[in-house]
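Enquirer: Please find one structure pasted underneath; my questions will follow.
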Amino acid sequence: MSNNAIHIDIMVEAGNWPDETALEGLVRKSVEAAWANLGLKSAASELSVVFTDDASIQTLNAEWRGKDKPTNVLSFPAFPVKAGAQPGPMLGDIIIARETVEREAREEGKPLENHLAHLVVHGFLHLLGYDHETDAEAEVMEGREREILHALAIPDPYAVSE
């Protein structure tokens, strides 16, 4: 996939995030690895990734999911897509919360960049129709995540450390 095939809008809304250029590089690598793994045709597509804080994501989580608590990542697909199907040009939005991501990375002993890449991939798969509501869906989605992260030289995020 060429670097220009997918347009990624990055917005740092709130939170103590790294420099926007570094975030854009991490997001682009993660999205392109996912696109390649899924075998999607090169197509002009667009998505936005908003880097925010726990307070902002908690508001969205309460409004859209009925869960009044922060979460690490939310995805808002522009249009419904069946998992594995070629998406349209507008993919949707991924929102990521700094404090939750940082806390999870620390608690799980993972580099922040690896955890962030995982959440970008996770959110991107949601935009492409993947879900984890059932065990069968979770198995498929998590398998894809593992493959994509492996291509990025990131260890299995679901491996239980002893």
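Glycine residues also receive a Cβ, built from the backbone N, Cα and C atoms like all the rest.
The Zn(2+) binding site annotation in Swiss-Prot covers H122, H126, H132.
Mind mapping these onto the model and telling me what they sit next to?
Expert: DSSP assigns H122 (Zn(2+) binding site) to a helix in the three-state reduction. A sphere of 10 angstroms centred on the C-beta of H122 (Zn(2+) binding site) encloses 25 other C-beta atoms.
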Enquirer: Counting only residues 6+ away in sequence within the same chain, which have a CB under 8 Å from the CB of H132 (Zn(2+) binding site)?
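Expert: Non-local contacts for H132 (Zn(2+) binding site): A138, M141, E142.
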Enquirer: Among all protein chains shown, how many Cβ atoms are found within 10 Å of the Cβ of H126 (Zn(2+) binding site), not counting that one?
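Expert: The answer is 21.
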